[in-house]
Amino acid sequence: MNPYILAILLFSLGLGTTITFASSHWLLAWMGLEMNTLAIMPLMAQHHHPRAIEATTKYFLTQAAAAATLLFASVSNAWLTGQWEIQQITHPLPSTMITLALALKIGLAPLHAWLPEVLQGLDLTTGLILSTWQKLAPFALILQIQPSSSTLLIILGLTSALVGGWGGLNQTQLRKILAYSSIAHLGWMILVLQFSPSLTLLTLLTYFVMTFSTFLVFKLNKATNINTLATSWTKAPALTALTPLILLSLGGLPPLTGFMPKWLILQELTKQGLAPTATLAALSALLSLYFYLRLSYAMSLTISPNNLTGTTPWRFSSTQLTCPLATSTAMTICLLPLTPAISALLNP
């Protein structure tokens, strides 16, 4: 892609998110979300491959449906209450519609079906943008409206955590596994949103760091399915030894960074008297942990079969920058000891 066009698209992507962040009026927030959607579509379709085009079309249709619902709900709110302010959503009907529209935008279950399909059709770099940056603007709106229906949030959160665990069990494609991982993590964030918004933000940031590391590892190995992972030990032995730790951090095992948000969320849910919900969420984390363990096993404990599809690729030196990967890997593995400091910041 032409670097000037790429720069314009990335600038528009940043501008759309910033507009949504800065807006207090529903029309401006909607405009930011639309800019976001339109700016990422050329990036998604830049490889002229039928799968990429199909993924872009699916993404456009779901995002357009969510944006239209959001606009309709905000107009309904203005009609019912006379308010266009984002934080003035008092009527339950627009509040529920907006929550569901934003859930469709970020891919929360049961509105998640588009996310694995879309991610599967993209290359890893665009997939990374879709899994991280594109979640920011809708999340900012969800945090601002503080949805009035607490039952709806808990249902969305639990369903996402369970679907994210179950859906990834049978997958062999890495991008689909990462999509289900994204759904499960978003479920955890939504669960605790109404009780501790700062904890939701912490979970979102931790998820971003862990996902960034995972995508960069797969990109360095040019891996898109589990079989390709088995050949990675020939290309980057040190990284192959560290990758299981990154994956287990995504699964939330102590003593890795990913354990911190899950631990704090379970603690918060128990404090709020939601012990059954916390138990279900913890059990759903076991489902996710199974497929992360599968990936770790395939990567570090198996040697690939030398048939045509699994032959060891030529070891060209990688052109990818390794500094971002090294930084994010260190953060993914080593931040758990900072939990007391982070808890003190969350609860001043």
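Quick reminder: no glycine exception, Cβ is built from N, Cα and C everywhere.
TrEMBL lists 23-286 with the feature domain 'NADH:quinone oxidoreductase/Mrp antiporter transmembrane'.
The annotation transmembrane segment is assigned in TrEMBL to 60-80 (among others). Residues of the same chain lying 6 or more positions beyond the ends of the transmembrane segment (60-80) and with a Cβ under 8 Å from any Cβ of it are 26-27, 30, 33-34, 37, 41, 88-89, 91, 93-95, 97-98, 100-102, 104-105, 114, 118.
What TrEMBL records for 92-115 (among others) is transmembrane segment. For the transmembrane segment (92-115), same-chain residues at least 6 beyond its ends with a Cβ under 8 Å from one of its own Cβ atoms are 33, 58-59, 62-63, 65-67, 69-70, 72-74, 76-77, 80, 134-135, 138-139, 141-142, 145, 147-149, 152-153, 156-157, 159-160, 162-164, 179, 182-183, 186-187, 190.
Long-range Cβ contacts of the transmembrane segment (151-170) within its own chain (Cβ-Cβ under 8 Å, at least 6 residues beyond either end) map to 96, 99-100, 103, 108-110, 112, 116, 176-177, 180-194, 274, 277, 280-281, 284-288, 290-291. What TrEMBL lists as transmembrane segment is 151-170 (among others).
Annotation source TrEMBL lists transmembrane segment at 177-195 (among others).
Marked as transmembrane segment by TrEMBL: 201-221 (among others). Same-chain residues lying 6 or more positions outside the transmembrane segment (201-221) and placing a CB less than 8 Å from one of its CB atoms are 124-125, 127-128, 131-132, 135, 139, 143, 174, 178, 181-182, 185, 188-189, 192, 228-229, 231-232, 235-236, 239, 243, 246-247, 249-250, 257-258, 260-261, 264-265, 318, 320, 322, 324-325, 328-329, 331-332, 335, 342, 346.
Taken from TrEMBL, the feature transmembrane segment covers 233-253 (among others). When Cβ-Cβ distances below 8 Å are used as the criterion, the transmembrane segment (233-253) is approached by residues 181, 210-211, 213-214, 217, 220-221, 259, 261-262, 285, 288-289, 292-293, 295-296, 299-300, 303, 312-313, 315, 318, 325, 329, 332-333 of the same chain, each at least six residues removed from its ends.
Annotated transmembrane segment per TrEMBL: 273-293 (among others), in sequence order.
Annotation comment: TrEMBL describes 289-342 as domain 'NADH dehydrogenase subunit 2 C-terminal'.
If you take every residue in the domain 'NADH dehydrogenase subunit 2 C-terminal' (289-342) and average the pLDDT, you get 80.
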